[in-house]
Ligand code: HEM
Ligand SMILES: *[C@@H]1O[C@H](CO)[C@@H](O)[C@H](O)[C@H]1NC(C)=O
Ligand SMILES: *[C@@H]1O[C@H](CO)[C@@H](O)[C@H](O)[C@H]1NC(C)=O
Ligand SMILES: *[C@@H]1O[C@H](CO)[C@@H](O)[C@H](O)[C@H]1NC(C)=O
Ligand SMILES: *[C@@H]1O[C@H](CO)[C@@H](O)[C@H](O)[C@H]1NC(C)=O
Ligand SMILES: *[C@@H]1O[C@H](CO)[C@@H](O)[C@H](O)[C@H]1NC(C)=O
Ligand SMILES: *[C@@H]1O[C@H](CO)[C@@H](O)[C@H](O)[C@H]1NC(C)=O
């Protein structure tokens, strides 16, 4: 009796040890740079602040960069690589992603205090958090310890990133492919509470939507008129408007209130509330977030951490890039 109990205890201990060891190997931690780069958070925050002071939209652009990084080969800084196979030329990114020069500036500042220890992938994760906070959103502890990938994956960017024209089931499955569930889908799209979108990504809704001869019936008619004047047929597809028309630069839950009022800008925004599929999937979450800003903040933080955990390179995989745009020679 006694012997078998202590045997069981030994087995339990060994099992815990194995689980713990495996965990430590691939898990990110909040204090990863505590000894190797103690000023990291201050250095990054200062540069994000300067960039956002020059142009408030940069906060949104930096947040989006982290998202577009994580969905392709995990959060490995691959989105930052230049070259002919660059993800920058993928359909969702070209003429759209911005902030690469700001990331260079942050990286230079980090390298000058802690040379060769902080990955570009982690810099994106911290800059994204700081951007949310600077915009008035919630603060959370960023998990760190990612290493930088060795390849860009343009095909991966074209395949994995959701398109604003994707039906909801495709969007849900693209998030699921990254280990993200329905809560993550809705909470993370709440990032569209800040930033801008170009006419090119929503003008199909304004005049002859899906060959119906009329604008998208799930868009508020006043918003349709406003956007029709901004984005006339054959107009400049690069003109921009706010994704959250109520409070462009403020990270709040108004994005979800907009959806209840048919004021989503992208098809992919409005369908979270208005599509048939939303009834049994995302609609109730949109309603909850629209009347409970604290629930949105809390779920958004959790979901950012979930997204940031996508397939990290850790340990001795990958490298710490010196220049975020090129793999070390
Ligand atoms: C279904 C998922 C999503 C789709 C289809 C989508 C699509 C888009 C599109 C088309 C734009 C405008 C780009 C342009 O006009 O050049 C945009 C902007 C933006 N997206 Fe998303 N997005 C999605 C999810 C997310 C997520 C998960 C985040 C972050 C957590 C995010 C953050 C942003 C931000 C902050 C902007 C504004 C960027 C700026 O002003 O520079 N989006 N998104
Ligand atoms: C590129 O991304 C796709 C889709 O995630 C993946 O199947 C493929 O293995 C990736 N290729 C490289 C070279 O990483
Ligand atoms: C999504 O996963 C989180 C844990 O990360 C969980 O709390 C939440 O309930 C899940 N949501 C759904 C809709 O399954
Ligand atoms: C809408 O587009 C379809 C297909 O291109 C076309 O046949 C139809 O005439 C258009 N309707 C209007 C009102 O422009
Ligand atoms: C937007 O501007 C870029 C150059 O910055 C140009 O190559 C592209 O064709 C423009 N896109 C649209 C939709 O007008
Ligand atoms: C934003 O919404 C609030 C109500 O929630 C309203 O009072 C305010 O006028 C709106 N602001 C803009 C710019 O639409
Ligand atoms: C979804 O809900 C709307 C509004 O409640 C309703 O008109 C529509 O028929 C529903 N669609 C399905 C597939 O249940």
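Positions of Cβ are set from backbone N, Cα and C atoms, glycine also.
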Further binder of Ca(2+) 2 named by TrEMBL next to 193, 244, taken from the candidates 184, 252: 252
Spatial neighbour of residue 78 (Ca(2+) 1 binding site) that is closest, considering only the binding-site residues 162, 192, 252 and their CA atoms: 162
Residue 252 (Ca(2+) 2 binding site) to residue 192 (heme b binding site) - Cα separation in whole Å: 10
Recorded positions near residue 87 (Ca(2+) 1 binding site) (Cα-Cα within 10 Å), from 64, 68, 193, 244: 68
Cα separation, residue 72 (Ca(2+) 1 binding site) to residue 192 (heme b binding site) (Å, whole number): 20
